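For reference, the structure discussed in these notes is given below.
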Amino acid sequence: SMASPALLMRVVASAYSVAEKAATIVRNVMAAGDLGIVEKTGANDLQTKADRLVQISICASLARKFPKVTIIGEEELPADEVTEELIEDGHCEEILKKTCPTQYTGIKEEELVIWVDPLDGTKEYTEGLLDHVTVLIGIAYGGKAIAGVINQPYYNYEAGADAVLGRTIWGVLGIGAFGFQLTEAPPGKHIIITTRSHSSALVNDCISALNPDSVIRVGGAGNKIVQLIEGKASAYVFASPGCKKWDTCAPEAILHAVGGKITDIHGNSFQYNKEVKHMNSAGVLATLRNYDYYASRIPNTVKQSLVP
């Protein structure tokens, strides 16, 4: 008989289906018209009914299947009764067919940490910029992001009524990443992608120093990494605190699975063990290719302003 799939592959296969369920919730909340918006720390830090329901759905669904895994979600929520319609029990068969990389075959549940951003790009969601929105489920082991799922609930939403709405991208280090067409940005062009709603003098000074051909300002960390792996941008640069571990864990795993690189502005790797602080206080620098080119051009004044 076949050995049963390794834990990691079972977690990723479940996270795939859980993310698809999350996307349905996100679309249903928007379609119903009452977003239930509350401000957390201010007008740029919002939470909606979708953030709340999706986090409950993801965390409860994964916790039921993998009770010893640590799951850390963005939203501080009361421990409500979870209604059964929020539970997703399915998994993606295709993922279970892939061979788990040898270095991950012995992982135990209690060694995994799952970082969840139920709705990355909430502000854009409330403003109807629906293609900016992602659902992020990142899986870490030994403090390192090793697997991730990014769902784009509104992928294709401008393609007309017959288009299939939404897609799910997933990846595991040592296997690769799937669900999109890997494309490199045009050679010799420096297209910087950065924040839309969290700009500052420092953010802009850092971008100017890179002498970009163009600058794309969009919401969502997940969205920005997708733009990198699809060749729409050459570097994601954010010279500011504000990004959190649940914003970067899933995108990092997918980017690293296809040979890209993400660090803070100083070049330090992010740590994802459960005790780590949640804020990526020294910003973000990410590329699919040519990381060193951009890293070498970050001004020292910017580095001095951002303490890891």
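The backbone N, Cα and C atoms fix where each Cβ goes, glycine too.
Some features that TrEMBL has for this protein:
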- Glu74, Asp117, Leu119, Asp120, Asp247: Mg(2+) binding site (BINDING)
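Neighbour counts of Cβ atoms within 10 Å were compared across the binding-site residues Glu74, Asp117, Asp120, Asp247; the minimum falls on Glu74.
Same-chain residues with CB within 8 A of the center of the Glu74, Asp117, Leu119, Asp120, Asp247 CB atoms, the Mg(2+) site residues themselves not counted, are Asp51, Val116, Pro118, Gly121, Thr122, Thr134, Val135, Leu136, Gly220, Ala221, Gly222, Lys244, Trp246. Cβ environment of Leu119 (Mg(2+) binding site): Val26, Thr48, Ala50, Asp51, Val54, Tyr125, Val133, Thr134, Val135 lie under 8 Å away, each six or more residues apart in the same chain.
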